[in-house]
Amino acid sequence: MTLVSTKESTKTAHPKSLFSIVASVGGLALFLIIASTLLVSQPIGSTIRGFFYGVDILTKIDSESSLGNSVSESNHTVHPFEGTQKINLTVPENHGNEGFSQHGDKESGGADGNGPVIEKNDPPLPGNEDELSDSRSVESKNLKSNPPLAKVTQREDGNRSSSFSHTASQDNAPVSSTNLPTELKNVESTSATTNSSQANHVDSGCDLYDGKWIFDSTGPLYTNNSCPVLTQTQNCQGNGRPDKDYENWRWKPSHCDLPRLDAKKFLELMRGKTLAFIGDSVARNQMESMLCILWQVEVPKNRGNRRMQRYYFKSTSTMIVRIWSSWLVHQTPEPFDFAPAGVVKLHLDAPDERFMDYISDFDVVVLSSGHWFTKQSVYILNNEIVGGQLWWPDNSRKKKIDSIEAFGVSVETALTAMGTHPNYTGLTIVRSFSPDHYEGGAWNTGGSCTGKVQPASEGELVENGFTNIMHEKQVTGFNRAIKRKTNNSKMKLMDITRAFSYRYDGHPGPYRSPDPNKKTTRGPDGRPPPQDCLHWCMPGPVDTWNELVFELISREFDDRHNNSS
(Lines of atoms letter the chains of each structure in order from A and count residues from 1; the text may use other names and numbers.)
(Lines give C-alpha, C1' and ligand atoms only; values in the text may rest on other atoms or scores of the structure.)
Protein backbone atom coordinates (compact mmCIF):
# COMPACT_ATOMS: atom_id res chain seq x y z
CA MET A 1 0.00 0.00 0.00
CA THR A 2 1.46 3.33 -1.07
CA LEU A 3 1.03 6.33 1.20
CA VAL A 4 0.67 9.82 -0.18
CA SER A 5 1.68 12.75 1.96
CA THR A 6 -0.67 15.59 2.76
CA LYS A 7 1.53 18.01 0.83
CA GLU A 8 1.42 15.85 -2.29
CA SER A 9 -2.33 15.38 -1.90
CA THR A 10 -2.81 19.14 -1.80
CA LYS A 11 -0.74 19.69 -4.92
CA THR A 12 -2.76 17.09 -6.77
CA ALA A 13 -6.16 18.46 -5.70
CA HIS A 14 -5.64 22.13 -6.64
CA PRO A 15 -5.51 21.70 -10.42
CA LYS A 16 -8.76 19.76 -10.39
CA SER A 17 -10.55 22.44 -8.36
CA LEU A 18 -9.28 25.20 -10.62
CA PHE A 19 -10.38 23.33 -13.74
CA SER A 20 -13.87 22.87 -12.30
CA ILE A 21 -14.19 26.55 -11.51
CA VAL A 22 -13.04 27.61 -14.99
CA ALA A 23 -15.43 25.15 -16.61
CA SER A 24 -18.36 26.39 -14.51
CA VAL A 25 -17.66 30.06 -15.19
CA GLY A 26 -17.22 29.38 -18.89
CA GLY A 27 -20.49 27.49 -19.06
CA LEU A 28 -22.36 30.24 -17.24
CA ALA A 29 -20.88 32.91 -19.53
CA LEU A 30 -21.89 30.91 -22.61
CA PHE A 31 -25.42 30.52 -21.23
CA LEU A 32 -25.73 34.26 -20.59
CA ILE A 33 -24.47 35.13 -24.07
CA ILE A 34 -26.95 32.76 -25.75
CA ALA A 35 -29.83 33.93 -23.55
CA SER A 36 -29.07 37.60 -24.20
CA THR A 37 -28.92 37.00 -27.94
CA LEU A 38 -32.30 35.28 -27.91
CA LEU A 39 -33.94 38.02 -25.86
CA VAL A 40 -32.64 40.81 -28.12
CA SER A 41 -33.59 39.08 -31.36
CA GLN A 42 -37.04 38.03 -30.15
CA PRO A 43 -38.34 40.16 -27.26
CA ILE A 44 -40.78 38.41 -25.00
CA GLY A 45 -43.05 41.44 -25.01
CA SER A 46 -43.49 41.42 -28.79
CA THR A 47 -44.74 37.87 -28.63
CA ILE A 48 -47.12 38.56 -25.78
CA ARG A 49 -48.38 42.02 -26.61
CA GLY A 50 -45.95 43.84 -28.89
CA PHE A 51 -44.93 46.48 -26.41
CA PHE A 52 -41.22 45.81 -25.95
CA TYR A 53 -39.63 49.23 -26.23
CA GLY A 54 -36.11 49.33 -27.51
CA VAL A 55 -34.07 51.42 -29.91
CA ASP A 56 -32.04 49.81 -32.68
CA ILE A 57 -29.31 51.92 -34.23
CA LEU A 58 -29.59 49.90 -37.42
CA THR A 59 -33.09 51.14 -38.21
CA LYS A 60 -33.61 53.77 -40.87
CA ILE A 61 -35.04 56.29 -38.43
CA ASP A 62 -32.35 57.06 -35.87
CA SER A 63 -33.36 57.83 -32.33
CA GLU A 64 -31.86 61.24 -31.79
CA SER A 65 -30.57 62.35 -28.42
CA SER A 66 -33.56 64.63 -28.08
CA LEU A 67 -35.84 61.61 -27.99
CA GLY A 68 -34.21 60.38 -24.83
CA ASN A 69 -35.06 63.68 -23.21
CA SER A 70 -38.59 63.92 -24.53
CA VAL A 71 -41.51 63.43 -22.25
CA SER A 72 -44.32 60.93 -22.61
CA GLU A 73 -47.06 61.32 -25.21
CA SER A 74 -49.30 62.86 -22.60
CA ASN A 75 -46.86 65.73 -22.06
CA HIS A 76 -45.03 66.54 -25.30
CA THR A 77 -42.40 69.23 -25.56
CA VAL A 78 -42.11 71.25 -28.73
CA HIS A 79 -39.37 73.24 -30.37
CA PRO A 80 -39.30 77.02 -30.09
CA PHE A 81 -41.58 78.59 -32.67
CA GLU A 82 -38.70 80.58 -34.11
CA GLY A 83 -37.22 77.36 -35.48
CA THR A 84 -40.43 76.22 -37.13
CA GLN A 85 -40.94 76.56 -40.85
CA LYS A 86 -43.77 78.97 -41.65
CA ILE A 87 -45.95 78.87 -44.75
CA ASN A 88 -47.04 82.12 -46.36
CA LEU A 89 -50.82 82.09 -46.20
CA THR A 90 -53.59 84.63 -46.29
CA VAL A 91 -56.81 84.63 -44.32
CA PRO A 92 -59.48 82.91 -46.45
CA GLU A 93 -62.00 85.36 -47.81
CA ASN A 94 -64.86 82.91 -47.62
CA HIS A 95 -65.39 82.20 -43.96
CA GLY A 96 -69.14 82.10 -43.83
CA ASN A 97 -69.45 78.72 -42.16
CA GLU A 98 -70.39 79.92 -38.70
CA GLY A 99 -73.57 77.87 -38.96
CA PHE A 100 -71.63 74.66 -38.47
CA SER A 101 -70.01 73.58 -35.26
CA GLN A 102 -69.29 70.48 -33.30
CA HIS A 103 -72.92 70.48 -32.18
CA GLY A 104 -74.48 71.31 -35.50
CA ASP A 105 -75.46 74.69 -34.12
CA LYS A 106 -73.91 78.13 -34.14
CA GLU A 107 -70.49 78.20 -32.53
CA SER A 108 -70.70 79.49 -29.01
CA GLY A 109 -68.30 80.69 -26.38
CA GLY A 110 -69.28 82.91 -23.52
CA ALA A 111 -67.91 86.36 -23.15
CA ASP A 112 -65.95 85.09 -20.20
CA GLY A 113 -64.22 82.56 -22.40
CA ASN A 114 -65.75 79.62 -20.59
CA GLY A 115 -67.02 76.66 -22.48
CA PRO A 116 -66.81 72.89 -22.55
CA VAL A 117 -63.47 71.78 -21.18
CA ILE A 118 -61.30 70.17 -23.84
CA GLU A 119 -59.38 67.01 -23.23
CA LYS A 120 -55.67 67.54 -22.85
CA ASN A 121 -54.13 68.52 -26.17
CA ASP A 122 -51.78 65.58 -26.38
CA PRO A 123 -52.90 61.96 -26.53
CA PRO A 124 -53.63 59.86 -23.47
CA LEU A 125 -51.89 56.55 -22.96
CA PRO A 126 -52.20 53.99 -25.79
CA GLY A 127 -55.65 52.54 -26.00
CA ASN A 128 -57.36 55.55 -24.42
CA GLU A 129 -57.24 58.11 -27.23
CA ASP A 130 -61.00 58.26 -27.33
CA GLU A 131 -61.43 61.80 -28.48
CA LEU A 132 -64.81 61.67 -30.13
CA SER A 133 -66.20 64.05 -32.67
CA ASP A 134 -68.72 66.51 -31.35
CA SER A 135 -70.38 66.89 -34.73
CA ARG A 136 -73.86 65.74 -35.57
CA SER A 137 -76.03 65.59 -38.64
CA VAL A 138 -77.06 68.86 -40.23
CA GLU A 139 -79.78 69.12 -42.83
CA SER A 140 -78.44 69.02 -46.39
CA LYS A 141 -80.25 72.22 -47.27
CA ASN A 142 -77.54 74.09 -45.37
CA LEU A 143 -74.85 72.85 -47.72
CA LYS A 144 -73.53 74.68 -50.75
CA SER A 145 -73.28 71.40 -52.64
CA ASN A 146 -73.75 67.76 -51.75
CA PRO A 147 -71.87 64.76 -53.10
CA PRO A 148 -74.01 62.22 -55.00
CA LEU A 149 -76.11 59.74 -53.08
CA ALA A 150 -75.19 56.09 -53.04
CA LYS A 151 -77.25 53.39 -54.64
CA VAL A 152 -78.18 50.24 -52.77
CA THR A 153 -79.07 47.18 -54.79
CA GLN A 154 -80.67 43.91 -53.73
CA ARG A 155 -78.75 40.91 -55.01
CA GLU A 156 -80.27 37.53 -55.81
CA ASP A 157 -78.88 36.12 -52.55
CA GLY A 158 -80.81 38.73 -50.61
CA ASN A 159 -77.85 40.84 -49.62
CA ARG A 160 -77.79 44.54 -50.32
CA SER A 161 -75.01 46.51 -51.89
CA SER A 162 -74.67 50.26 -51.53
CA SER A 163 -72.83 52.37 -54.07
CA PHE A 164 -72.05 55.89 -55.14
CA SER A 165 -70.38 57.64 -58.02
CA HIS A 166 -67.17 59.60 -57.74
CA THR A 167 -65.35 61.66 -60.32
CA ALA A 168 -61.93 60.18 -61.06
CA SER A 169 -59.00 62.44 -60.35
CA GLN A 170 -55.59 62.65 -61.89
CA ASP A 171 -52.49 62.09 -59.76
CA ASN A 172 -50.86 65.32 -58.62
CA ALA A 173 -53.70 67.36 -60.08
CA PRO A 174 -56.37 69.46 -58.34
CA VAL A 175 -59.37 67.40 -57.27
CA SER A 176 -62.88 68.71 -57.60
CA SER A 177 -65.15 68.44 -54.57
CA THR A 178 -68.18 68.13 -56.82
CA ASN A 179 -68.90 64.55 -57.85
CA LEU A 180 -71.13 63.64 -60.76
CA PRO A 181 -73.44 60.62 -60.38
CA THR A 182 -73.37 57.81 -62.94
CA GLU A 183 -75.42 54.65 -63.37
CA LEU A 184 -73.87 51.58 -61.74
CA LYS A 185 -74.59 47.96 -62.46
CA ASN A 186 -75.64 45.50 -59.77
CA VAL A 187 -73.12 43.00 -58.49
CA GLU A 188 -74.45 39.47 -58.89
CA SER A 189 -71.91 37.63 -56.73
CA THR A 190 -68.58 38.00 -54.98
CA SER A 191 -66.71 35.28 -56.84
CA ALA A 192 -65.25 37.70 -59.38
CA THR A 193 -63.98 39.91 -56.60
CA THR A 194 -62.43 37.00 -54.75
CA ASN A 195 -60.68 35.66 -57.84
CA SER A 196 -59.43 39.01 -59.07
CA SER A 197 -58.05 39.75 -55.63
CA GLN A 198 -55.16 37.46 -56.40
CA ALA A 199 -53.79 40.01 -58.89
CA ASN A 200 -51.08 42.41 -57.78
CA HIS A 201 -53.18 45.48 -58.45
CA VAL A 202 -55.91 46.81 -60.70
CA ASP A 203 -55.84 48.99 -63.79
CA SER A 204 -54.19 52.28 -62.84
CA GLY A 205 -56.88 54.15 -64.75
CA CYS A 206 -59.71 52.78 -62.62
CA ASP A 207 -61.37 55.17 -60.18
CA LEU A 208 -61.15 53.40 -56.83
CA TYR A 209 -63.74 55.63 -55.14
CA ASP A 210 -66.63 55.14 -57.57
CA GLY A 211 -68.32 51.94 -56.47
CA LYS A 212 -70.49 50.07 -54.00
CA TRP A 213 -70.41 47.91 -50.91
CA ILE A 214 -71.03 44.20 -51.53
CA PHE A 215 -71.34 41.33 -49.09
CA ASP A 216 -68.41 38.92 -49.24
CA SER A 217 -68.60 35.74 -47.19
CA THR A 218 -64.84 35.21 -47.56
CA GLY A 219 -64.47 37.01 -44.27
CA PRO A 220 -61.94 39.50 -42.86
CA LEU A 221 -58.15 39.43 -43.24
CA TYR A 222 -57.66 38.70 -39.53
CA THR A 223 -59.70 38.17 -36.37
CA ASN A 224 -59.77 40.07 -33.11
CA ASN A 225 -58.02 37.07 -31.51
CA SER A 226 -55.14 36.97 -34.03
CA CYS A 227 -53.92 40.55 -33.50
CA PRO A 228 -52.25 41.46 -30.18
CA VAL A 229 -51.94 45.21 -30.92
CA LEU A 230 -55.65 45.85 -31.38
CA THR A 231 -56.88 48.63 -29.08
CA GLN A 232 -59.53 47.20 -26.77
CA THR A 233 -62.05 49.95 -27.47
CA GLN A 234 -62.10 48.89 -31.14
CA ASN A 235 -62.21 45.16 -30.35
CA CYS A 236 -65.94 44.92 -31.01
CA GLN A 237 -66.19 41.11 -30.96
CA GLY A 238 -64.05 40.91 -27.84
CA ASN A 239 -66.33 43.49 -26.23
CA GLY A 240 -69.42 41.41 -26.86
CA ARG A 241 -70.94 42.78 -30.06
CA PRO A 242 -73.39 40.03 -31.11
CA ASP A 243 -73.42 40.53 -34.91
CA LYS A 244 -70.53 39.97 -37.33
CA ASP A 245 -71.77 40.83 -40.82
CA TYR A 246 -70.16 44.27 -40.63
CA GLU A 247 -66.82 42.45 -41.05
CA ASN A 248 -67.85 40.97 -44.41
CA TRP A 249 -68.76 43.95 -46.58
CA ARG A 250 -66.16 44.71 -49.24
CA TRP A 251 -65.71 47.83 -51.33
CA LYS A 252 -66.18 47.15 -55.06
CA PRO A 253 -65.08 49.88 -57.50
CA SER A 254 -67.47 50.18 -60.44
CA HIS A 255 -65.01 49.39 -63.22
CA CYS A 256 -62.47 47.11 -61.52
CA ASP A 257 -61.91 45.02 -58.42
CA LEU A 258 -59.99 46.15 -55.36
CA PRO A 259 -57.66 43.27 -54.39
CA ARG A 260 -57.60 41.93 -50.87
CA LEU A 261 -54.44 43.04 -49.14
CA ASP A 262 -51.81 40.30 -49.54
CA ALA A 263 -49.54 40.83 -46.53
CA LYS A 264 -46.53 39.05 -48.05
CA LYS A 265 -46.79 41.08 -51.25
CA PHE A 266 -47.16 44.27 -49.29
CA LEU A 267 -44.02 43.64 -47.26
CA GLU A 268 -42.11 42.78 -50.41
CA LEU A 269 -43.39 45.94 -52.09
CA MET A 270 -42.20 47.95 -49.08
CA ARG A 271 -38.82 46.22 -48.81
CA GLY A 272 -36.35 48.57 -47.14
CA LYS A 273 -38.97 51.29 -46.87
CA THR A 274 -40.87 53.11 -44.13
CA LEU A 275 -44.62 53.75 -44.04
CA ALA A 276 -45.75 56.44 -41.58
CA PHE A 277 -49.29 57.11 -40.33
CA ILE A 278 -49.60 60.69 -39.10
CA GLY A 279 -52.68 62.10 -37.41
CA ASP A 280 -55.05 61.55 -34.50
CA SER A 281 -56.64 58.45 -32.96
CA VAL A 282 -58.43 57.59 -36.21
CA ALA A 283 -54.97 57.45 -37.81
CA ARG A 284 -54.01 55.10 -34.99
CA ASN A 285 -57.09 53.05 -35.85
CA GLN A 286 -55.82 52.68 -39.43
CA MET A 287 -52.23 51.95 -38.39
CA GLU A 288 -53.36 49.17 -36.06
CA SER A 289 -55.48 47.72 -38.87
CA MET A 290 -52.37 47.59 -41.08
CA LEU A 291 -50.35 45.94 -38.30
CA CYS A 292 -53.09 43.37 -37.71
CA ILE A 293 -53.05 42.42 -41.40
CA LEU A 294 -49.27 42.16 -41.59
CA TRP A 295 -49.08 40.33 -38.25
CA GLN A 296 -50.71 37.30 -39.88
CA VAL A 297 -47.49 36.58 -41.80
CA GLU A 298 -44.79 37.99 -39.51
CA VAL A 299 -44.52 39.21 -35.93
CA PRO A 300 -42.70 42.57 -36.00
CA LYS A 301 -40.26 43.89 -33.45
CA ASN A 302 -41.49 46.88 -31.48
CA ARG A 303 -38.85 49.63 -31.68
CA GLY A 304 -41.00 52.49 -30.52
CA ASN A 305 -40.03 55.37 -28.31
CA ARG A 306 -41.79 58.28 -26.68
CA ARG A 307 -42.05 60.29 -29.87
CA MET A 308 -43.37 57.61 -32.18
CA GLN A 309 -44.55 54.04 -32.48
CA ARG A 310 -42.32 51.90 -34.70
CA TYR A 311 -42.76 48.29 -35.77
CA TYR A 312 -39.96 46.61 -37.72
CA PHE A 313 -40.56 43.65 -40.05
CA LYS A 314 -37.20 41.96 -40.26
CA SER A 315 -37.84 39.80 -43.34
CA THR A 316 -38.00 42.84 -45.64
CA SER A 317 -36.58 45.59 -43.40
CA THR A 318 -39.95 47.34 -43.51
CA MET A 319 -40.87 49.87 -40.83
CA ILE A 320 -44.42 50.90 -39.89
CA VAL A 321 -44.48 54.19 -37.95
CA ARG A 322 -47.15 56.25 -36.23
CA ILE A 323 -46.69 59.82 -35.05
CA TRP A 324 -49.38 61.63 -33.10
CA SER A 325 -50.33 64.98 -34.62
CA SER A 326 -53.85 66.00 -33.69
CA TRP A 327 -54.01 69.20 -35.78
CA LEU A 328 -51.00 68.78 -38.16
CA VAL A 329 -49.80 72.30 -37.29
CA HIS A 330 -47.51 73.82 -34.67
CA GLN A 331 -49.13 74.24 -31.25
CA THR A 332 -48.10 76.01 -28.06
CA PRO A 333 -49.69 76.42 -24.61
CA GLU A 334 -47.99 79.71 -23.70
CA PRO A 335 -49.93 83.01 -23.54
CA PHE A 336 -50.22 84.84 -26.85
CA ASP A 337 -51.66 88.35 -27.17
CA PHE A 338 -55.07 88.23 -25.44
CA ALA A 339 -55.13 84.39 -25.31
CA PRO A 340 -54.10 83.16 -21.85
CA ALA A 341 -51.98 80.16 -20.90
CA GLY A 342 -53.73 76.83 -20.83
CA VAL A 343 -55.65 77.22 -24.08
CA VAL A 344 -53.98 75.49 -27.02
CA LYS A 345 -52.63 77.94 -29.61
CA LEU A 346 -52.59 76.62 -33.18
CA HIS A 347 -50.17 78.38 -35.53
CA LEU A 348 -52.02 77.63 -38.73
CA ASP A 349 -49.13 78.73 -40.97
CA ALA A 350 -46.51 76.43 -39.38
CA PRO A 351 -46.52 72.62 -39.73
CA ASP A 352 -46.21 70.33 -36.74
CA GLU A 353 -42.49 69.73 -36.23
CA ARG A 354 -43.24 66.44 -34.46
CA PHE A 355 -43.57 64.81 -37.87
CA MET A 356 -41.74 67.32 -40.07
CA ASP A 357 -38.49 66.60 -38.19
CA TYR A 358 -38.56 63.09 -39.66
CA ILE A 359 -40.34 63.58 -42.97
CA SER A 360 -37.28 62.93 -45.14
CA ASP A 361 -36.96 59.44 -43.58
CA PHE A 362 -40.38 58.33 -44.81
CA ASP A 363 -41.10 56.68 -48.16
CA VAL A 364 -44.89 56.68 -47.79
CA VAL A 365 -46.95 58.92 -45.50
CA VAL A 366 -50.66 58.45 -44.79
CA LEU A 367 -51.86 61.81 -43.48
CA SER A 368 -55.24 62.36 -41.84
CA SER A 369 -56.89 64.75 -39.40
CA GLY A 370 -59.97 66.86 -38.78
CA HIS A 371 -61.86 65.75 -35.68
CA TRP A 372 -59.73 67.70 -33.23
CA PHE A 373 -60.93 70.96 -34.79
CA THR A 374 -64.13 70.54 -32.78
CA LYS A 375 -62.05 71.00 -29.63
CA GLN A 376 -61.07 74.15 -27.75
CA SER A 377 -58.21 76.03 -29.41
CA VAL A 378 -57.02 79.45 -30.57
CA TYR A 379 -56.17 80.09 -34.21
CA ILE A 380 -53.09 82.16 -35.05
CA LEU A 381 -52.19 83.19 -38.59
CA ASN A 382 -49.46 85.63 -39.64
CA ASN A 383 -48.68 86.18 -35.95
CA GLU A 384 -52.25 87.36 -35.27
CA ILE A 385 -55.14 85.71 -33.43
CA VAL A 386 -57.77 85.21 -36.13
CA GLY A 387 -60.25 82.89 -34.45
CA GLY A 388 -60.98 80.25 -31.86
CA GLN A 389 -63.05 77.18 -31.16
CA LEU A 390 -65.02 77.03 -27.89
CA TRP A 391 -62.97 80.04 -26.82
CA TRP A 392 -63.57 83.67 -27.68
CA PRO A 393 -63.41 86.09 -24.73
CA ASP A 394 -64.73 89.18 -26.45
CA ASN A 395 -67.75 88.94 -28.71
CA SER A 396 -67.10 92.49 -29.92
CA ARG A 397 -64.08 91.12 -31.77
CA LYS A 398 -64.96 89.52 -35.07
CA LYS A 399 -63.51 86.12 -35.88
CA LYS A 400 -61.74 85.95 -39.22
CA ILE A 401 -61.59 82.15 -39.25
CA ASP A 402 -63.88 79.49 -37.80
CA SER A 403 -62.96 75.88 -37.03
CA ILE A 404 -63.90 74.61 -40.48
CA GLU A 405 -61.77 77.18 -42.33
CA ALA A 406 -58.96 76.54 -39.85
CA PHE A 407 -59.03 72.85 -40.77
CA GLY A 408 -58.68 73.67 -44.47
CA VAL A 409 -55.75 76.01 -43.76
CA SER A 410 -54.03 73.37 -41.62
CA VAL A 411 -54.23 70.84 -44.44
CA GLU A 412 -52.75 73.32 -46.90
CA THR A 413 -49.96 74.21 -44.46
CA ALA A 414 -48.94 70.62 -43.68
CA LEU A 415 -49.04 69.48 -47.31
CA THR A 416 -47.26 72.58 -48.59
CA ALA A 417 -44.46 72.01 -46.08
CA MET A 418 -44.13 68.43 -47.28
CA GLY A 419 -44.39 69.36 -50.94
CA THR A 420 -41.64 71.97 -50.68
CA HIS A 421 -39.27 70.10 -48.37
CA PRO A 422 -35.98 69.73 -50.29
CA ASN A 423 -35.23 66.24 -48.95
CA TYR A 424 -38.67 64.65 -49.10
CA THR A 425 -39.31 62.52 -52.19
CA GLY A 426 -41.92 60.13 -50.83
CA LEU A 427 -45.56 59.41 -51.60
CA THR A 428 -48.10 61.31 -49.48
CA ILE A 429 -51.55 59.73 -49.27
CA VAL A 430 -54.14 62.09 -47.80
CA ARG A 431 -56.94 60.04 -46.32
CA SER A 432 -60.05 62.17 -46.57
CA PHE A 433 -62.26 63.08 -43.61
CA SER A 434 -63.63 60.05 -41.79
CA PRO A 435 -67.37 60.42 -41.16
CA ASP A 436 -68.93 59.79 -37.78
CA HIS A 437 -72.48 58.48 -37.35
CA TYR A 438 -73.97 59.99 -34.21
CA GLU A 439 -77.65 60.12 -35.05
CA GLY A 440 -79.98 62.25 -32.97
CA GLY A 441 -77.25 64.25 -31.28
CA ALA A 442 -73.52 64.51 -30.66
CA TRP A 443 -71.41 61.97 -28.78
CA ASN A 444 -72.21 63.70 -25.47
CA THR A 445 -75.81 64.73 -26.21
CA GLY A 446 -77.51 61.43 -26.99
CA GLY A 447 -76.12 60.65 -30.45
CA SER A 448 -76.28 56.97 -31.31
CA CYS A 449 -75.36 54.31 -33.86
CA THR A 450 -76.74 51.40 -31.84
CA GLY A 451 -78.45 48.62 -33.77
CA LYS A 452 -76.84 49.28 -37.15
CA VAL A 453 -75.87 45.89 -38.60
CA GLN A 454 -75.35 46.59 -42.33
CA PRO A 455 -74.48 49.56 -44.59
CA ALA A 456 -77.11 52.24 -45.00
CA SER A 457 -79.31 52.21 -48.05
CA GLU A 458 -79.89 55.31 -50.15
CA GLY A 459 -83.10 56.05 -48.31
CA GLU A 460 -81.61 55.44 -44.87
CA LEU A 461 -78.63 57.76 -45.12
CA VAL A 462 -78.93 61.00 -43.18
CA GLU A 463 -76.81 63.74 -44.73
CA ASN A 464 -74.20 65.05 -42.33
CA GLY A 465 -73.51 68.67 -43.19
CA PHE A 466 -70.48 68.87 -40.91
CA THR A 467 -68.81 65.90 -42.62
CA ASN A 468 -69.53 67.29 -46.07
CA ILE A 469 -68.15 70.77 -45.40
CA MET A 470 -65.07 69.38 -43.65
CA HIS A 471 -64.43 67.19 -46.67
CA GLU A 472 -64.84 70.17 -48.98
CA LYS A 473 -62.30 72.27 -47.02
CA GLN A 474 -59.85 69.38 -46.91
CA VAL A 475 -60.02 68.94 -50.68
CA THR A 476 -59.53 72.69 -51.15
CA GLY A 477 -56.43 72.64 -48.95
CA PHE A 478 -55.11 69.63 -50.86
CA ASN A 479 -55.58 71.35 -54.22
CA ARG A 480 -53.84 74.51 -53.07
CA ALA A 481 -50.87 72.54 -51.75
CA ILE A 482 -50.57 70.64 -55.04
CA LYS A 483 -50.17 73.94 -56.90
CA ARG A 484 -47.36 75.01 -54.56
CA LYS A 485 -45.40 71.75 -54.65
CA THR A 486 -41.77 72.17 -55.75
CA ASN A 487 -40.05 68.87 -54.90
CA ASN A 488 -40.24 65.41 -56.49
CA SER A 489 -42.66 63.94 -53.97
CA LYS A 490 -46.10 62.69 -55.00
CA MET A 491 -49.46 63.49 -53.40
CA LYS A 492 -52.66 61.53 -53.77
CA LEU A 493 -56.10 62.00 -52.24
CA MET A 494 -57.60 58.77 -50.91
CA ASP A 495 -61.19 59.95 -50.98
CA ILE A 496 -63.07 57.59 -48.65
CA THR A 497 -65.55 60.08 -47.16
CA ARG A 498 -68.60 59.41 -49.30
CA ALA A 499 -68.16 55.63 -49.40
CA PHE A 500 -67.81 55.45 -45.62
CA SER A 501 -70.80 57.69 -45.01
CA TYR A 502 -72.83 54.51 -45.58
CA ARG A 503 -70.94 52.42 -43.02
CA TYR A 504 -72.78 53.40 -39.87
CA ASP A 505 -72.69 49.71 -39.01
CA GLY A 506 -68.90 49.67 -38.66
CA HIS A 507 -68.45 51.54 -35.36
CA PRO A 508 -68.08 50.06 -31.86
CA GLY A 509 -71.23 51.79 -30.66
CA PRO A 510 -71.82 50.74 -27.03
CA TYR A 511 -69.37 47.83 -27.32
CA ARG A 512 -66.36 49.81 -26.14
CA SER A 513 -65.15 47.56 -23.33
CA PRO A 514 -65.30 43.91 -22.25
CA ASP A 515 -67.19 44.91 -19.09
CA PRO A 516 -70.05 42.37 -18.85
CA ASN A 517 -72.18 44.91 -16.98
CA LYS A 518 -71.97 47.66 -19.59
CA LYS A 519 -75.18 49.11 -20.96
CA THR A 520 -75.84 48.29 -24.62
CA THR A 521 -79.51 49.24 -24.99
CA ARG A 522 -81.55 52.37 -24.44
CA GLY A 523 -82.70 53.12 -20.94
CA PRO A 524 -86.31 53.44 -19.74
CA ASP A 525 -86.20 57.11 -20.69
CA GLY A 526 -85.15 56.23 -24.25
CA ARG A 527 -81.62 57.61 -23.91
CA PRO A 528 -78.93 55.55 -25.65
CA PRO A 529 -75.95 54.19 -23.70
CA PRO A 530 -72.50 55.83 -24.04
CA GLN A 531 -70.98 54.83 -27.34
CA ASP A 532 -68.32 55.40 -29.97
CA CYS A 533 -69.65 56.16 -33.44
CA LEU A 534 -66.42 57.70 -34.73
CA HIS A 535 -63.70 55.03 -34.54
CA TRP A 536 -64.03 51.75 -36.44
CA CYS A 537 -64.35 48.14 -35.33
CA MET A 538 -61.40 45.86 -36.02
CA PRO A 539 -61.66 43.86 -38.11
CA GLY A 540 -64.13 45.96 -40.04
CA PRO A 541 -64.51 48.69 -42.67
CA VAL A 542 -61.24 50.40 -41.66
CA ASP A 543 -59.32 47.49 -43.24
CA THR A 544 -60.54 48.74 -46.62
CA TRP A 545 -58.48 51.90 -46.13
CA ASN A 546 -55.32 49.82 -46.08
CA GLU A 547 -56.37 47.87 -49.15
CA LEU A 548 -56.66 51.23 -50.89
CA VAL A 549 -53.24 52.25 -49.51
CA PHE A 550 -51.76 49.02 -50.89
CA GLU A 551 -53.26 49.74 -54.29
CA LEU A 552 -52.03 53.34 -54.38
CA ILE A 553 -48.51 52.30 -53.37
CA SER A 554 -48.52 49.54 -56.00
CA ARG A 555 -49.52 51.99 -58.71
CA GLU A 556 -46.89 54.52 -57.66
CA PHE A 557 -43.99 52.09 -57.42
CA ASP A 558 -44.95 50.45 -60.73
CA ASP A 559 -45.07 53.88 -62.40
CA ARG A 560 -41.60 54.69 -61.08
CA HIS A 561 -40.27 51.37 -62.34
CA ASN A 562 -41.80 51.87 -65.79
CA ASN A 563 -40.48 55.42 -66.06
CA SER A 564 -36.97 54.35 -65.14
CA SER A 565 -36.83 51.44 -67.58
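Here the Cβ of each residue, glycine as well, is placed from N, Cα and C on the backbone.
The annotation compositional bias 'Basic and acidic residues' is assigned in TrEMBL to 133-142 (among others).
Summarising the annotation, TrEMBL assigns compositional bias 'Polar residues' to 160-180.
Annotation comment: TrEMBL describes 515-525 (among others) as compositional bias 'Basic and acidic residues'. Sequence-distant contacts of the compositional bias 'Basic and acidic residues' (515-525) (same chain, at least 6 residues past either end, Cβ-Cβ under 8 Å): 240, 450, 509.
Shown for the domain 'Trichome birefringence-like N-terminal' (205-257): DSSP residue counts in helix, strand and coil, namely 6 helix, 10 strand, 37 coil. Feature annotation from TrEMBL assigns domain 'Trichome birefringence-like N-terminal' to 205-257.
Summed and averaged per residue, pLDDT over the domain 'Trichome birefringence-like C-terminal' (258-551) gives 96. Residues or ranges marked as domain 'Trichome birefringence-like C-terminal' by TrEMBL: 258-551.
Among the features that TrEMBL reports, region 'Disordered' is placed at 90-180 (among others).
Residues or ranges marked as region 'Disordered' by TrEMBL: 505-532 (among others).
Annotated transmembrane segment per TrEMBL: 18-40, in sequence order.
With helix defined as DSSP H, G or I and strand as E or B, the compositional bias 'Basic and acidic residues' (515-525) counts 0 helix, 0 strand, 11 coil.
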